[in-house]
Amino acid sequence: MKYCIHCGQQIKDESKFCAYCGNSQVVEDSTKSNGEKNNVQETLSSLKEQALENESIKQAVAVGKNYLNFLIENIKNPTFNVDSYHNYYGYISLILLSLFTGVTLSKGISSIVSEIYGAFIGYGSGFYGSNEMPYIFESFLYLGLSMLAIGLLSYLTTVKVLKCSYSFSDVITKLFAPMSLAVGISCFTMVLVFLKVNTAKLVLIGLSIIFVLQQVCYYAFLLDDKNYIHEKRNKIYIVVLNVLCLCILNFCIYKLIGKSILSQWFNIL
């Protein structure tokens, strides 16, 4: 005889249910039950993480497609009307412009050095061959900081001086989203540099066009009438002041990063 595990009444040993309360006498293995629950939870967590990863990939692909469509359309029909742009377009353009231009600069100068000295000396220590890209990270960092300086100065001018209700992301978008043509030219120049198509002239022409397009977008933003709704400041003085401040900021960035890159290039030469 045994006792019911629920009501305590005495029942037969072979009984699976209590004759008094009717409850089952089967005792579940708690260890096995907990183990099964843990396995189920781990499986669910794994599936959830995989679903999140797949969703992130889909979103990244969608963002890439949207930006590429925008880039192509804005190259065909350039415009400064940035009200309908997504906030991330400006950041993507800034990053791509810094990356493509940095690679072009690094690869281009390396190729130029190789063209000048390759016929006379071997590629020994302290000399970079045409297939290498020295200081590519430094070049990318220098160009990126220079462009961020433009964004920071524009933000301070429009928000602090002209009292516009812009966020920093709004300013970056208004400045760099219209630079689709500069992004396209920088990418095209980078490809041609890798193909070694008249490298010296190509680098000079490509970088000059990119610089001019950047300045055009910068001044177009500063002269936009929408920035002068609350404060009737003189546009000419605003532009002159920005140019002076931008020169000071670029000089500081040059002293921090650009000077060391340039001196190392001269050591190679």
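All residue numbers here begin at 1 and follow the chain in the order shown.
Cβ coordinates are placed from backbone N, Cα and C, and glycine is handled just like the others.
Note that TrEMBL annotation is computational and uncurated.
Record features (TrEMBL):
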DOMAIN    3-23  domain 'Zinc-ribbon'
TRANSMEM  88-105  transmembrane segment
TRANSMEM  135-155  transmembrane segment
TRANSMEM  175-195  transmembrane segment
TRANSMEM  202-221  transmembrane segment
TRANSMEM  236-257  transmembrane segment
Sort out the residues at least 6 away from either end of the transmembrane segment (236-257), same chain, that have Cβ-Cβ distances under 8 Å to it, and list them. 138, 141-142, 145-146, 149-150, 152-154, 157, 161-162, 219, 222-223
For the transmembrane segment (175-195), distant same-chain residues with Cβ under 8 A (at least six beyond the ends): 70-71, 74-75, 78-80, 82, 85, 89-91, 93-94, 96-97, 100-101, 103-104, 107-108, 111, 147, 150-151, 154, 202-203, 206-207, 209-210, 213-214, 217-218, 220-221
Six or more residues beyond either end and a Cβ under 8 Å away: which residues meet both conditions relative to the transmembrane segment (202-221)? 80, 97, 101, 104-105, 108-109, 112, 147, 150, 154, 171, 174-176, 178-179, 181-182, 185-186, 188-189, 192-193, 227, 239
I'd like to know the mean pLDDT over the domain 'Zinc-ribbon' (3-23). 71
